[in-house]
Each structure stands twice: as C-alpha cells, then as structure tokens.
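Everything on this sheet refers to the single structure shown next.
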Amino acid sequence: MAVATQSLEELSINAIRFLAVDAIEKAKSGHPGLPMGAAPMAFVLWNRFMRYNPKNPKWFNRDRFVLSAGHGSMLQYALLYLTGYDSVSIEDIKQFRQWESKTPGHPENFMTAGVEVTTGPLGQGIANGVGLAIAEAHLAAKFNKPDAKIVDHYTYVILGDGCNMEGVSGEAASFAGHLGLGKLIALYDDNHISIDGSTDVAFTEDVSKRFESYGWHVIHVKDGNTDLEAIHKAIEEAKAVTDKPTMIKVTTIIGYGSPNKSNTAGVHGAALGGDEVALTRQNLGWSHDPFVVPEDVLNYTRKAVERGAGYESDWNKTYADYKAKYPQEAAEFERYLSGKLADGWDKVLPSYTPEDKGLPTRKHSETCLNKLAAVLPELIGGSADLTHSNLTEIKGKGDFQKGQYQNPNIHFGVREHGMGAICNGIALHGSGLIPYGATFLIFSDYMRAPIRLSALSQAGSIWVMTHDSIGQGEDGPTHQPIETLASLRAIPNLTVIRPADGNETSGAYKVAIERAKNNAPTLLAFTRQNVPNLAGTSIDDVAKGGYIVVDTDGTPDLILIGTGSELSLCVTAAEKLKAEGKKVRVVSLAAWDLFDAQDAAYKESVLPKAVTKRLAVEAASSFGWHKYIGSEGDAVTIDRFGASAPGGVCLEKFGFSVDNVLAKAKQLLG
C-alpha cells in the first residue's frame with residue numbers, strides 16, 4: 001500500500017502503530033501486538049466519538065477511557081501524544097519504560113495526565129470502568145435536572161482476551177449488566193492470541209453469549225483491522241442503547257502489519273526486532289524515520305484540541321445556566337468536585353466512656369457510617385453480600401439499583417474482587433465520591449489486587465473489614481484471619497487501622513475520611529465480638545497510630561502494646577500488675593504506619609528505647625511485631641490456623657486471656 005493512497009485517518013492509525021513499535025524497539029521491552037491490532041478501534045473512538053479536552057485532562061464531564069489490557073500502554077501514550085496532551089511528548093515516548101518516565105510499562109494515573117486508572121493486572125480495568133460508570137450514573141441521578149444535564153459522559157474500555165479470562169472481569173461485567181449501566185461501552189480486542197499461543201489452548205467459550213447472559217448488548221465487528229465504518233457504526237449503535245452496557249467484539253489481528261509475526265504469540269510481549277520493523281514499515285507503507293509523525297497527520301489528530309475546548313466551553317455554559325437556576329445544588333456539586341468536606345463533619349463522630357455499653361467495633365462502625373452519611377452524602381458503597389454482618393447499610397437511603405442510581409447502598413453480591421476494583425473506579429472518577437467496600441477480613445484475600453492497586457494508584461477507597469480474628473468463632477479456620485493483617489500492613493500507602501473500642505472506631509473513620517479526600521486508601525479491621533469502652537482511648541490520637549492509653553509514674557518497668565479487641569486485655573492486666581507494685585504502661589498501636597510516620601521524639605515518648613521489656617498482644621500473626629517489641633520483648637499472638645468453636649472459647653484456648661497476658665508479663669519482669 002503506497003502512502004499516497006492512505007487517508008489521514010489511515011495515516012493516523014499507522015502513526016499509532018509505529019510510535020508503539022519504535023518505542024518498544026528502543027526500550028527493547030514491551031507489547032507491540034495490541035497497539036498494532038487495536039489502533040483502528042482506538043482511533044475511531046478517540047477521533048470520532050470521545051469527548052475530552054487535551055488541554056484540561058481533568059475537565060469534569062469528559063468521557064473516561066480505560067485501557068484494561070494495560071500491557072498495550074503504548075496505544076494510550078500514542079493517542080495522548082497525537083491528540084495534543086501536554087503530558088506525553090515525543091521525548092516521553094522515547095523514554096518508554098525508563099526510570100522516572102511519564103510512559104511507564106503499564107498505564108499509571110498518577111504518572112501520566114490523561115490516564116484515568118492504573119491498569120496492568122488483567123481484568124482490573126474493565127472492573128474500574130464499571131466503577132467509573134457507577135459514579136457517573138450516581139452523580140447524574142443526584143444532580144441533573146430535566147432542563148440541565150451537567151453529568152453526562154460515557155466510560156469506554158478496551159479489554160482483551162486475557163481480561164475476559166480473568167474472574168474479576170466476569171464479576172464486574174455481571175454486576176454492570178444487572179445494574180443496566182447504559183453509558184458503559186467496552187471494546188473487546190478479539191485477537192485470539194495470548195502469551196502461550198492461540199487462545200484455543202485454554203479459552204474457547206462464546207464470549208458474546210456470556211456477555212449477553214450478563215445483560216449486555218453485544219455487537220460484532222468482524223474486521224477490526226480495516227473496516228473503520230463498521231467500528232463507527234458499532235459505537236454509534238452502542239450509544240443508542242441506553243438501558244444496558246454494550247460490549248463490542250472487534251475481531252483483529254494481533255501485530256497487524258508485521259509480515260512474519262502478526263497473528264502469533266511472538267508479537268504479544270516482545271520487540272519486533274530491527275529486520276521485522278523494517279519489513280513492517282514497508283508492508284504498511286510507512287516511510288518515516290522512528291518517532292517521526294508527518295506534520296499533516298499531527299495537524300489532523302490535534303484537531304482534538306479545538307474540539308475539546310468546544311466541548312468544555314459548551315459544558316461551561318450548561319453549568320452556568322444550572323448554577324443560576326439551582327444555586328443550592330450547584331454549591332453542593334462544587335463541594336464534591338473540590339474535595340472539600342462539609343463544615344464540622346467530624347463533630348458527628350460519637351465518643352464513649354467506660355460506662356457506655358460494650359459493643360463489637362463493627363457495631364460502632366455502623367454508627368459512624370450512618371452519622372457520617374448524614375453530613376457526607378458523597379459516601380457510597382456496600383458489602384459483598386454480608387451487609388447485615390458487616391453492618392454497612394446507610395439506613396433510610398435506599399439501594400443503588402437500575403433506575404435508582406441516586407441511592408448510596410450498593411449490593412455488590414458475592415463478588416469481593418469485583419467490588420474492590422469497582423470501588424477504585426468510583427474513587428478515581430475524580431468527583432469527590434468516597435467509596436467503601438466491605439467483607440470479612442479473611443476475604444480481603446479475594447480482593448488483594450484492588451486493595452494493593454488502591455494504594456498504588458492513590459484511590460481514596462475505604463475497606464471495611466469485620467470479623468477480624470479467631471474471635472470470629474464457629475465458622476472455623478477458613479474464616480479466621482491469622483496472617484492477613486501482617487500481609488495488609490506490608491502494602492505501601494495503605495493504612496490499616498484496628499480500633500479497640502468506640503472512641504478508636506470514631507478516630508479510625510476520621511482518619512479514613514481525611515485520607516480518602518487526600519487520595520489514599522484505608523483498611524479498617526473490626527471485631528465480631530463485644531469489646532468494652534476503655535478509659536484512656538482517644539478519637540484524635542488514632543491519627544498518630546500509637547499512643548499511651550494507661551501510664552505510670554516515672555519510667556515503666558514494662559510496656560504492654562495492644563490493638564483491637566486485645567487492648568482491653570492489656571488494660572486489665574496492667575491494673576492487676578499495678579496492684580502488685582509494678583509500673584506498667586499500656587500503648588494502643590492501632591495503625592502501625594501512622595505511628596512510624598511520627599517524629600522520633602514522639603515515638604520515643606511512647607516507646608522509650610530504655611524500656612526493653614515489652615509485650616505485644618494481638619490475635620493475629622506475630623509477623624512484624626518484633627519491630628516494636630525488640631529482641632528482649634515477647635508477644636501473645638497466634639502463628640497457627642484457628643479452630644471451629646465459639647469465639648470466646650477460641651480466644652481463651654489460644655491464650656488471649658488476662659491470665660495468659662499476666663503470665664507472659666511476669667516472665668518478662670522476672
């Protein structure tokens with residue numbers, strides 16, 4: 001094919017392909033197959049349909065684009081460069097996959113303006129997309145008026161065979177179909193190739209029928225390599241279907257244009273090699289040097305800048321009219337978008353004294369959620385089919401269902417993994433919504449990827465985890481977390497808080513809400529069983545991670561360190577030791593990372609180096625505790641699986657009793 005016969009659209013599509021090929025060749029690393037095969041569908045979408053403003057990547061009413069098949073990241077970087085985003089220059093493309101570049105191996109929303117979510121682990125992106133679409137539907141139902149639609153945008157996702165093999169995509173797609181999210185459109189790059197070769201070796205189901213059974217509208221574009229009009233008509237049709245999401249199956253050839261590697265696994269995840277690049281240039285009629293895009297092509301693709309300015313200008317006029325007619329709603333909408341919390345929001349968090357009835361911290365959590373929801377209507381979330389165990393319902397506010405998108409209570413069903421990724425999508429919508437997702441702490445293992453990605457991608461999700469220890473009881477070791485807290489505490493940028501009573505639960509929510517507004521996730525671990533309200537606990541001191549709950553005159557002989565339900569054991573043991581003339585301090589270490597972040601003087605004031613006799617008490621693994629107890633300390637912990645018995649029996653049998661804490665303390669004291 002000669003260059004002269006190609007239209008500007010065809011040249012633009014080849015520009016995408018060769019920016020990807022050249023960047024991957026220079027890096028000697030990457031995945032050229034998807035960008036080469038999916039370039040036509042991506043360009044038709046970005047050039048003819050998507051509404052966005054390259055000069056204002058955070059314009060609120062933009063359409064959201066998610067590359068769920070994140071390994072094909074050069075597809076997105078090429079699009080950002082060609083359409084005029086300042087975040088990706090040709091120099092950035094040359095630095096693909098290099099140290100501190102804005103073009104990392106997989107898309108990272110915190111590195112590259114124009115990237116909405118961090119993708120890479122396959123299937124996360126389509127589930128994030130469901131979250132983005134939920135956010136749009138919720139805000140539209142809350143704020144739009146018959147004469148003014150200020151929330152009106154689509155979520156587009158490109159996903160691949162690998163995404164569709166992953167369980168999380170099935171969870172999320174099933175849920176999206178149930179909800180009838182009509183502004184969610186997924187383009188499935190159906191190229192039949194995975195790393196191991198043809199997908200025939202492992203993946204032979206009818207994906208279209210599967211999505212139809214989920215309640216999606218399904219369209220098939222048989223030639224995704226050259227039939228641009230078929231792609232156009234499919235997206236047009238998808239937008240016309242408003243009562244259900246649409247999956248457009250676009251059959252493509254992976255590595256399209258490569259004479260010897262197209263339609264093979266060899267083009268999936270490795271550079272083409274110099275000889276094959278030259279042959280591909282010849283085959284596709286691309287005579288330009290590496291990283292060179294002809295001026296006429298750039299002029300054409302960068303018409304997106306003018307279009308985008310127009311889209312935003314039109315929306316600004318719509319919003320100005322809305323604000324004039326509905327000033328109260330506009331003020332609240334602007335508060336959402338600004339990330340500002342309602343004045344005095346934290347004053348609703350309850351405080352407790354020892355005279356108040358002891359309750360499970362999950363019950364205190366329910367109280368906090370409902371108090372907060374009354375002043376922070378941006379809270380939205382729910383449980384993975386454990387609403388009445390996790391106690392996460394916002395009472396009197398209704399369920400988020402098809403036709404009832406204004407309501408905040410989401411029933412995620414038994415879909416922990418999907419729930420996590422959906423919550424991240426809601427958080428990363430950029431509209432001030434605060435999502436929360438709940439399950440038993442042990443089942444955080446089912447959603448570890450999205451919990452980790454919330455921390456990596458700076459998503460302000462709140463993870464509400466109940467039944468946090470062997471105190472869970474009769475369900476037995478399959479449901480009793482042991483190593484779970486340690487593994488979660490190891491995730492960078494994730495704050496894990498295990499509150500001891502009502503005051504600390506209020507403090508935990510205060511931290512979680514503030515972190516959410518600062519684009520950081522928090523995991524809260526709550527008890528199934530009752531715990532007493534303690535005299536020395538503090539709402540505000542939870543933010544320090546660790547603080548003194550019970551103190552003594554002078555230098556302590558012993559420091560007892562506890563979290564959650566075991567803090568009360570420490571307090572009671574300290575009282576008994578005090579009666580025997582011992583000087584004992586009790587420290588709550590509810591959030592390790594928050595304590596670690598305090599200055600050295602504060603940490604020394606709580607855990608002085610001179611006091612080496614320290615005893616940690618936590619109904620979880622000992623892993624990580626030696627940082628705080630030192631080589632001369634000890635721990636009452638559990639480093640084996642639990643057992644099926646009433647929770648109190650489990651705790652007693654495994655040594656979580658005042659008597660055992662006393663015995664261990666006396667051993668340390670000599």
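Backbone N, Cα and C define each Cβ position, glycine as well.
Just one of D161, D206, D223 is listed by Swiss-Prot for the same Mg(2+) site as N191, I193, and that one is D161. Cross-referencing H268, H288, H364 with the thiamine diphosphate binding residues that Swiss-Prot gives (H71, G120, P121, L122, G162, N191, F443) picks out H268. Apart from D161, N191, I193, the residues listed for Mg(2+), the same chain places the Cβ atoms of G33, G160, D189, D190, H192, S194, T199, T252, I254, H268 within 8 Å of the centroid of those Cβ atoms. Nothing from the recorded positions P121, G162, N191, I193, E416 places its Cα within 10 Å of the Cα belonging to D475 (substrate binding site). Under the DSSP three-state reduction, D475 (substrate binding site) is assigned to coil, being neither helix nor strand.
A 10 Å radius around the C-alpha of F443 (thiamine diphosphate binding site) takes in none of the binding-site residues listed as H31, H268, R362, R528. Restricting the binding-site residues H71, P121, I193 to those with a CA within 10 Å of the CA of H268 (substrate binding site) leaves H71, I193, listed by sequence position. H71 (thiamine diphosphate binding site) sits 6 Å from H31 (substrate binding site), counting Cα to Cα. When the recorded positions R362, S389, E416, H467, R528 are ranked by how far their Cα is from the Cα of G120 (thiamine diphosphate binding site), E416 comes first.
In sequence order, R362, S389, F440, L441, I442, H479, P481, F526, T527, R528 make up the list of same-chain residues 6 or more apart from H467 (substrate binding site) whose Cβ falls under 8 Å from its Cβ.
In the three-state DSSP assignment, the secondary structure recorded for F443 (thiamine diphosphate binding site) is helix.
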